[in-house]
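This report concerns only the one structure given below.
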Amino acid sequence: MEPINAAIVGPGNIGTDLLAKLERVDSIAVQYVVGVVESDGLERARAKGISASAGGVDWLLEQDPLPEIVFEATSAKAHQLNAPRYHELNIQAVDLTPAHIGPMVCPPVNLTHHIDAPNVSMITCGGQATIPMVHAVSRVSAVPYAEIVASVASRGAGPGTRANIDEFTQTTGQAVSEVGGAARGRAIIILNPMEPPMIMRDTVYCMIDADADRDAISESVHRMVTEVQAYVPGYRLRADPQFDDPKDGWDGHGRVAIFLEVEGNGDYLPKYAGNLDIMTAAAARVGDSIARNRMGVPA
């Protein structure tokens with residue numbers, strides 16, 4: 001069966017790394033790569049025999065055939081303008097910006113729940129790294145509040161990431177609740193200027209029932225790490241989950257802290273850019289499921 005035609009809009013760090021990952025996905029054939037200025041990403045696409053243009057989405061939507069799936073790695077504001085145009089032409093969009101137009105998807109949590117949606121949000125890099133852990137806890141104990149802190153190498157944060165900091169914190173905090181299963185969520189991002197650059201590190205704090213089964217939570221966390229490692233091999237715990245008994249101000253709840261690190265695969269981006277790598281790996285996994293659904297093939 002022929003693979004589904006796809007396009008990448010935004011040939012920056014994320015878009016170019018995504019292209020490398022999609023080359024390993026049998027259900028997808030990237031036919032177009034689009035930007036608004038000439039770039040290394042466009043040149044790399046052309047070198048692979050892919051139609052690439054700096055003519056933007058206007059150029060893309062004039063092509064024949066049109067792509068069936070678009071992966072957008074531009075900015076939240078750009079995607080808000082482009083998304084209605086894709087929808088009008090029945091092009092499914094996988095949104096790697098924090099625009100959050102469609103339902104939010106995290107592969108090990110709700111990969112197939114929104115497979116027919118015209119637009120799916122990949123949340124943020126911090127969301128893809130930490131929401132699996134919040135979900136791992138919330139499937140064992142009620143989580144009235146969860147907070148995530150994502151620390152990424154400053155050198156690995158391009159202009160798109162920096163321009164979207166506000167959207168990052170808002171969208172990630174919302175997803176910690178809606179997708180992760182916490183009653184309330186909050187997100188913080190830190191751009192770490194250390195040289196040489198450090199790989200992505202994340203801390204997840206979840207309030208839990210005072211009598212929650214700690215062994216069951218730990219087992220759930222370790223099981224979830226294995227699920228994420230199926231598509232992000234560099235995803236790992238830095239230590240076993242750490243538990244705290246209830247303290248003043250915690251309304252009788254205990255707390256679990258989970259410490260993560262994410263090393264990139266090194267496809268296009270350096271290995272320290274695990275924050276970007278987990279986004280592209282998750283998007284490739286979601287795109288594969290969407291493509292197989294369109295083909296009528298089990299994911």
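Glycine is no exception: its Cβ is also placed from the backbone N, Cα and C atoms.
Keep in mind that what you see is a predicted model, and the values were worked out from it rather than measured.
Taken straight from Swiss-Prot:
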ACT_SITE  CYS125  active site, acyl-thioester intermediate
BINDING   GLY156, ALA157, GLY158, PRO159, GLY160, THR161, ARG162, ALA163, ASN164, ASN275  NAD(+) binding site
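Under 8 Å, Cβ to Cβ, and six or more positions away along its own chain, ASN164 (NAD(+) binding site) finds SER75, ALA76, THR97, PRO98. Counting only residues at least six positions away in the same chain, the Cβ atoms of ASN13, PRO197, MET200, LEU269, PRO270, TYR272, ALA273, ASN275, LEU276 sit under 8 Å from the Cβ of GLY156 (NAD(+) binding site). Taking a C-beta cut-off of under 8 Å and a sequence gap of six or more, CYS125 (active site, acyl-thioester intermediate) has these contacts in its own chain: ALA150, VAL152, THR161, MET200, ASN275, LEU276, ILE278, MET279. ARG162 (NAD(+) binding site) counts 11 other C-beta atoms within 10 Å of its own C-beta, drawing on all protein chains shown.
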